[in-house]
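Chemist: TrEMBL lists these features:
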DOMAIN    B:71-249  domain 'ABC transmembrane type-1'
TRANSMEM  B:26-43  transmembrane segment
TRANSMEM  B:55-72  transmembrane segment
TRANSMEM  B:78-96  transmembrane segment
TRANSMEM  B:105-129  transmembrane segment
TRANSMEM  B:141-160  transmembrane segment
TRANSMEM  B:181-211  transmembrane segment
TRANSMEM  B:231-251  transmembrane segment
Amino acid sequence: MMERAMALTEEHLRGPAAGAMGLIDLLKPSKGRAVAQVPAKLETAEPTDAGKPLIELRNVSKTFGTVKALQDLEVSIRPGELVTVVGPSGCGKSTLFNILAGLEEPDPGNVLRHKGISSVASDLLGKVSFMPQRDLLLPWRNVIDNAILALEIEGMPRGEARKQAMAMLPEFGLAGFEAQYPNQLSGGMRQRVALMRTFLFKRDLMLLDEPFGALDALTRTMMQRWLLDVWQNHKRTVLFITHDVDEAIFLGDRVLVMTARPGRVKLEQAVDLPRPRKADIVTSPEFIALKKTLLEAIEEESMKSFQVAGY
Amino acid sequence: MSGSIAYAANLSVTPAGRIYAAVKPILWLAVGLFAVEVLVMAFEIRPYYLPRPSAIASGIMATPGAYLAGLWRTFLETALGFLAGSVFGVVMAVVFHRWLALKELFFPLFIVSQTIPVIAFGAVVVLWFGNTLFAKAVISFYISFLPVTVNTLLGFSSVDPRQVQLMRSFGARDGQILRRLYLPAALPQLFVALKLASSLALVGAIVGEWFGDTTGLGVLLLQAMYNENVVGIWATIVVSACLGMGLYSLVSFAERKIVFWGGEQ
Ligand SMILES: Nc1ncnc2c1ncn2[C@@H]1O[C@H](COP(=O)(O)OP(=O)(O)O)[C@@H](O)[C@H]1O
Ligand SMILES: [Mg+2]
């Protein structure tokens, strides 16, 4: 309840002028809202050299003891894309992210290219901005100091890092909360602090692991719209894990559906819905058609993982 | 422990409540002392077993200089040993955390070192370092570092591995992860040990003084015992208790200031 009220006021206060959709606008029928707010730089956010992937994985497998988490995974992400990943739980989505963040080495025999250069996973340490499934804020650091953690590790002086973070607070709906500690924040706000920490760590590739998974439905919808705005302003390449098909379609340029464990890409679905995406796009026939295709694919895999589990 | 803090925090909401919270322990102490005084008189307990609190008080007031000098000396020994033990304890925890092989090699030795009774060890220390303040501080140090090491290691092990992975994904080096994650995360556990260590360090200093010295609370205690000065014994006990409680409160105060985020983790 608290959280909801909070988010409402913030969104409301920010309004359309801030380059984001205010809550009032979101609740109104969509006509006459979106077009005026499209930032001029939107066109440049489109991948310019679509032929050259930013990151490319081939034959990537990962085995934990006897558990085969990933098998012969192939993924290729172009610069500026927002690619969403869905799949049954336990299919290796987080494992894929750990590999891309440089935290796990895939089994030998893989191909991993970062900006066209052949690499091992650990080369990616410090090169990818990674937001794990949980916010993982440090309880002894306030909002601003949690947000600058990655910058501090890079060696940026605290004063300067704080200045950068302060400037970003309003965009993340955290203005005035810089001195609060994580235990004083609602779940939605904690998640935004974690997102801000990820955005401040400016890297070509951003990995978001179910960032909105723990939020209530209303907050989540607002965060999705907000994320699209922020993404368009900051022009980042994003890989986004979710278990929510609507979210995957609403946000993504492409949706990757993964198979049950061992995880592979089962289906790669382009989402040709126009951007900026309006709130009511979820009821359009194109959206529904996409959703149907994806749900069928996911259903099939979920059934498999159920049978594997012996149900 | 945390319950009493929460209780105090609740009380401090109003100014009147804050004053009551501050005065409350003193009030209860006064009530307790008065009760003992009455009991001793009512049951005619001989001073040999338990002197009246008022007699103990006047015993202290008769030679305040001696007690103050003893208090100061024992305080210095305790503080020195406690600080050295705490720093050493944390450093050893970091070393054991960083180099697991060293932990496997030396940690059992740490435990064994604590099974040697302080008394036996104390004689050797006094032989080595003479009847100095330093020798007493060494004994204090010796019995206070282990809980610090053990609890700091416990605190390190409470760190969420995903948190470590996150920092590594930012490109953090081991030293940065230690300073920004492991050490702060261990603070709640560390303070539990520091409170214990402050009491242990005082025991070490007092026992150390029994091996021979000219000032200190331990010396006063021995002298009073030899002279069968019961009031003197009790007076020294009271002064030692005050020192012990003072040190403990100081550490608790630092804990509340530093570990403000509490047990949330
Ligand atoms: N470090 C690890 N050690 C052992 N098994 C792991 C480890 N990480 C993941 N797994 C296993 O790999 C599989 C995929 O996990 P994960 O990538 O977290 O799935 P998802 O994020 O898609 O739910 C699971 O069966 C999980 O138990
Ligand atoms: Mg996961």
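Think of each number as a place in line: the chain as shown, counted from 1.
Positions of Cβ are set from backbone N, Cα and C atoms, glycine also.
Explain the structural surroundings of these features, please.
Modeler: Within the chain, the transmembrane segment (B:26-43) has long-range Cβ neighbours (under 8 A, six or more residues past its boundaries) at 50-54.
Note on the transmembrane segment (B:55-72): residues 47, 215-217, 219-220, 231-232, 234-236, 238-239, 242-243 of its chain, located 6 or more positions outside it, place their CB under 8 angstroms from a CB of the stretch.
Sequence-distant neighbours of the transmembrane segment (B:105-129) (same chain, 6+ residues past either end, Cβ-Cβ under 8 Å): 92, 96, 135, 138-139, 142-143, 146, 149, 203-204, 207-208, 210-212.
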Chemist: Using Cβ atoms and a strict cutoff of less than 8 Å, what residues sit near the transmembrane segment (B:181-211) while being 6 or more residues removed from its termini?
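Modeler: Tertiary neighbours of the transmembrane segment (B:181-211) are 74, 77-79, 81-82, 85-86, 89-90, 93-94, 97, 118-119, 122-123, 125-126, 131, 135-145, 147-148, 150-152, 154-156, 158-159, 163-164, 167, 217-219, 221-222, 240, 243-244, 247-248, 250-252, 254-255, 258-259, 262-263, 265.
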